[in-house]
2 protein chains.
Amino acid sequence: MLYFIGLGLGDAKDITVKGLEVIKGCSRVYLEAYTSILTVGKEALEEYYGRELLLADRDMVEQEADEILKGADVSDVAFLVVGDPFGATTHSDLVLRAVNAGIQYRVIHNASILNAVGCCGLQLYSFGETVSIVFWTDNWKPESFYDKIKGNRDMGMHTLCLLGAGRKIYEPPRFMTVAQAAEQLLEIVQNPITEETVCVGLARVGADDQAIQAGSLREMASCDLGGPLHSMIITGHLHPLEVDMLRLFSGPESLKGLKMTGSSTYIS
Amino acid sequence: MLYFIGLGLGDAKDITVKGLEVIKGCSRVYLEAYTSILTVGKEALEEYYGRELLLADRDMVEQEADEILKGADVSDVAFLVVGDPFGATTHSDLVLRAVNAGIQYRVIHNASILNAVGCCGLQLYSFGETVSIVFWTDNWKPESFYDKIKGNRDMGMHTLCLLGAGRKIYEPPRFMTVAQAAEQLLEIVQNPITEETVCVGLARVGADDQAIQAGSLREMASCDLGGPLHSMIITGHLHPLEVDMLRLFSGPESLKGLKMTGSSTYIS
């Protein structure tokens with residue numbers, strides 16, 4: 001059996017009891033190492049799980065999948081993924097290879113940033129398509145993500161922006177901060193999104209030292225939320241209860257322009 | 001401290017190690033009892049956690065919140081929620097009451113249906129607004145959810161439909177099956193969604209006996225996925241890898257009309 005096991009978002013103890021039991025019984029345990037990081041490193045996980053972890057980088061998963069699947073038809077192999085196994089990156093390719101090789105698989109789910117962002121008080125129901133914001137270079141300034149943010153907002157939906165990591169590649173020393181993402185956005189925003197549009201910056205969601213700040217896009221450009229990973233939400237329609245929650249994460253001067261109009265409000 | 005602890009989706013062992021440790025140290029432990037269910041009951045949870053659970057139904061959370069918060073400024077109180085605490089139902093109201101009473105709170109996240117649906121192989125990135133489909137009566141046949149499904153599909157997005165439970169009320173003996181939801185949808189669909197539109201039915205996601213079936217909306221109307229809880233996805237644009245994954249969950253005759261056109265496909 002090939003087990004895909006989500007590790008959640010914070011530290012070693014965010015694994016589920018079921019996931020931990022499976023790890024202890026597996027013949028080999030791989031740690032997917034290219035999409036995200038926990039606030040603790042591989043060594044801390046190895047010590048807590050009591051197992052050696054084999055790092056599976058992107059090349060290995062794509063080119064040496066047979067190595068990962070070896071023997072999984074007769075013994076148990078675990079493939080650990082930060083967050084949920086089918087969160088930001090899907091592992092469909094590995095699933096399909098396993099099935100084609102006659103190997104059964106099972107998924108042990110966990111929180112991922114895609115559902116944990118609900119902790120800021122915005123309704124998960126009301127999020128549209130998730131986008132990735134990547135670092136611009138002098139010659140490469142993709143803006144396609146902006147069309148998606150605008151499309152979501154036109155429908156009143158919030159947009160979760162994953163920062164820097166991109167969909168598949170994570171470069172450890174070069175994560176993008178909320179401030180950097182906001183600066184890039186400010187260069188290209190146009191009606192209906194402006195520098196006054198309400199945004200939420202999130203850092204290390206699920207960890208002990210998580211940080212959340214709500215404010216205008218302009219304010220995001222100068223906020224400092226500390227170490228990785230960061231993500232940012234561009235809000236759409238805001239329900240009054242969502243506004244009340246966002247106020248928990250904003251300074252006294254921030255969001256003061258928010259006005260309630262009937263049962264919902266739309267702030268740019 | 002007031003802890004909001006997600007229980008995940010399957011059984012008692014889907015709680016995180018961190019969540020279980022917190023429960024064992026709390027002075028009182030509430031189980032939110034109105035939005036969803038695990039495949040095991042309250043007694044099984046009590047036995048596994050080694051703690052008595054106080055059921056907090058909707059009325060209690062709204063009208064007797066003070067009872068839940070009592071003493072949480074000097075000792076630890078846990079509020080357990082199936083899935084993630086900020087998943088299908090947010091607990092913003094209880095958070096705000098705690099903060100106003102000077103009580104600190106913390107969230108221990110877990111998987112919820114909103115991210116675990118990724119196990120069917122559809123990219124979570126590509127989901128639009130989530131909708132709820134409720135039981136129609138002779139006099140009450142709300143169709144507003146259909147506009148949202150259509151809006152998502154117009155943007156190429158998938159739509160997750162939560163069935164029967166609605167956003168806040170769960171009536172234990174009356175959950176909605178995928179077949180029932182599909183039947184209601186067939187009564188009102190119109191272009192671009194037809195009875196041939198590719199859908200995915202999911203039951204008991206995350207549990208040992210989870211069931212997933214992919215096929216046309218018409219096929220969904222006659223599928224039998226067993227006991228609660230069910231949910232259904234109406235697909236939008238499909239990436240070839242998504243189609244390959246869906247074929248794992250369909251019969252040989254199903255989805256055979258799917259054609260690849262370039263890098264993505266759009267099937268109605």
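Glycine too: its Cβ is placed from the backbone N, Cα and C atoms.
The S-adenosyl-L-methionine binding site annotation in TrEMBL covers B:LEU9, B:ASP84, B:GLY87, B:SER112, B:ILE113, B:LEU163, B:VAL205, B:HIS230. TrEMBL lists B:1-220 with the feature domain 'Tetrapyrrole methylase'.
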* Structure fact -> Other C-beta atoms within 10 angstroms of the C-beta of B:ASP84 (S-adenosyl-L-methionine binding site) total 33
* To do: Check each of the binding-site residues B:ASP84, B:GLY87, B:SER112, B:LEU163 and report back the ones whose Cβ is under 8 Å from some Cβ of chain A.
  => B:ASP84, B:GLY87, B:SER112
* Asked: Could you give the maximum C-alpha to C-alpha distance in Å for the residues B:LEU9, B:ASP84, B:GLY87, B:SER112, B:ILE113, B:LEU163, B:VAL205, B:HIS230 that bind S-adenosyl-L-methionine per the record?
  -> 18
* **Spatial neighbours, same chain, of B:VAL205 (S-adenosyl-L-methionine binding site) - Cβ under 8 Å, 6+ residues apart** => B:LEU9, B:ILE113, B:ALA116, B:VAL117, B:CYS119, B:ILE212, B:SER231
* Structure fact -> Within 10 A of the CB of B:HIS230 (S-adenosyl-L-methionine binding site), the number of other CB atoms across every chain shown is 26
* Asked: Near B:SER112 (S-adenosyl-L-methionine binding site), how many other Cβ atoms are within 10 Å of its Cβ?
  -> 33
* Asked: Around B:LEU163 (S-adenosyl-L-methionine binding site), which residues of its chain at least 6 apart sit with Cβ under 8 Å of its Cβ?
  -> B:SER132, B:ILE133, B:PHE175, B:MET176, B:THR177, B:VAL178, B:GLN180, B:ALA181, B:LEU229, B:HIS230, B:SER231, B:MET232
